[in-house]
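S.K.: Below is a structure I'd like to ask you about.
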Amino acid sequence: MNTSPGTVGSDPVILATAGYDHTVRFWQAHSGICTRTVQHQDSQVNALEITPDRTMIAAAGYQHIRMYDLNSNNPNPIISYDGVNKNVASVGFHEDGRWMYTGGEDCTARIWDLRSRNLQCQRIFQVNAPINCVCLHPNQAELIVGDQSGAIHIWDLKTDHNEQLIPEPEVSITSAHIDPDASYMAAVNSTGNCYVWNLTGGIGDEVTQLIPKTKIPAHTRYALQCRFSPDSTLLATCSADQTCKIWRTSNFSLMTELSIKSSNPGESSRGWMWGCAFSGDSQYIVTASSDNLARLWCVETGEIKREYGGHQKAVVCLAFNDSVLG
């Protein structure tokens, strides 16, 4: 892997944030210093993801996907794709970086071949409602797709077969995630509920089976994201209620509430907690919120360790990678 000294890709910790001010910002996680700003002219950024080899970052926006180089300070995207209708809401990668997946308001999830320099859409999965989220099963063979009609689709990439489940009809699924051990799947929705399933199967030719585990009334307002920790012991949920809540997966009890609510009764809402990402050791979490800040928190104590200030508008997505490649 060729990384130039002084580039984002040369840092063992990559933290990037983006949102409504049409910039992607890169931060030195421990100091809070912004080390690079990329102008993302065409629209807001809805989702960010770092490639598994840490060479590029994908930014999903309105009717496009842009990929920026992490190993140079090139301000321009090195790969662009503009052939998608409406907002691209979700983006991620196969673990070997062979393909990328996206989902969006055009009611499609797509798989893109990354082996050629021009993005080729290889496969399309069509649903009947705008897609809010797509996540990849750790087996790399099934995509979980959540849509605004309340449906969760499990798309088996090997057979092209799909199953669907609807936890609450007509209540939009905003985020879904499977823990690294493939023991649980969680999904949150626009009423603030979080559903958790036990997973079985999903090995070899077996299709993943979902067994309902629990329903958590996690938030009283819109929930925006759910993420399991790398060690599978924690689940984080983010919401429009200005909190990110950390739940223990041993019994799905609340461990910590991270809040950006003001202690000053006269101050209005600081806005939504849009997204989060755990550190590799599961001890810390970074959040993105619409008060223009990202924050680094200690998971156990709920203490804010660092604030990342510089965005001029809401921060709605982030990407965090502190795993050092061997």
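Here the Cβ of each residue, glycine as well, is placed from N, Cα and C on the backbone.
According to Swiss-Prot:
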| type | residues | note |
| --- | --- | --- |
| CROSSLNK | Lys86 | SUMO3 cross-link |
| CROSSLNK | Lys215 | SUMO3 cross-link |
| CROSSLNK | Lys245 | SUMO3 cross-link |
| CROSSLNK | Lys261 | SUMO3 cross-link |
| CROSSLNK | Lys305 | ubiquitin cross-link |
| CROSSLNK | Lys305 | SUMO3 cross-link |
| CROSSLNK | Lys313 | ubiquitin cross-link |
| CROSSLNK | Lys313 | SUMO1 cross-link |
| REPEAT | 1-37 | repeat 'WD 1' |
| REPEAT | 126-165 | repeat 'WD 4' |
| REPEAT | 218-257 | repeat 'WD 6' |
| REPEAT | 268-309 | repeat 'WD 7' |
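On this model, are these features tucked inside or out on the surface, and what's nearby?
M.R.: The secondary structure of Lys86 (SUMO3 cross-link), as reduced to three states from DSSP, is coil rather than helix or strand.
Remark: Lys215 (SUMO3 cross-link) has Pro167, Asn193, Cys194, Tyr195, Val196 as non-local neighbours, by Cβ distance under 8 Å and separation of at least 6 in sequence. Secondary structure from DSSP puts Lys215 (SUMO3 cross-link) in a beta strand.
For Lys245 (SUMO3 cross-link), the Cβ neighbour count at a 10 Å cut-off comes to 23, with all displayed protein chains included.
Cβ neighbour count for Lys261 (SUMO3 cross-link) (all protein chains, 10 Å cutoff from its Cβ): 12. In the three-state DSSP classification, Lys261 (SUMO3 cross-link) falls within coil.
Cβ-based neighbour count (10 Å, all protein chains) for Lys305 (ubiquitin cross-link) stands at 14.
Lys305 (ubiquitin cross-link) carries a strand DSSP state (E or B).
Sequence-distant neighbours of Lys313 (ubiquitin cross-link) (same chain, 6+ apart, CB under 8 A from its CB) are Gly19, Tyr20, Asp21, Asn292.
With a threshold of 8 Å between CB atoms, the same-chain residues lying at least 6 positions outside the repeat 'WD 4' (126-165) that come near it are 86, 89-90, 92-95, 101-109, 111, 171-178, 180-182, 185, 187, 189, 202-203, 205, 207-208, 210.
Here the repeat 'WD 6' (218-257) has Cβ contacts under 8 Å with residues 174-181, 183-184, 186-194, 196, 269-282, 285, 287, 289, 297, 299-302 of the same chain, all six or more residues outside its ends.
Taken as a whole, the repeat 'WD 7' (268-309) shows an average pLDDT of 94 in this prediction.
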S.K.: Going by Cα-Cα distance, which of the recorded sites (Lys86, Lys261, Lys305) sits nearest to Lys245 (SUMO3 cross-link)?
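M.R.: When the Cα distances are compared, Lys261 comes out closest.
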S.K.: Near Lys86 (SUMO3 cross-link), which residues of its chain come within a Cβ-Cβ distance under 8 Å, counting only those 6 or more away in sequence?
M.R.: Tyr62, Gln63, Gly104, Glu105, Asp106, Pro130
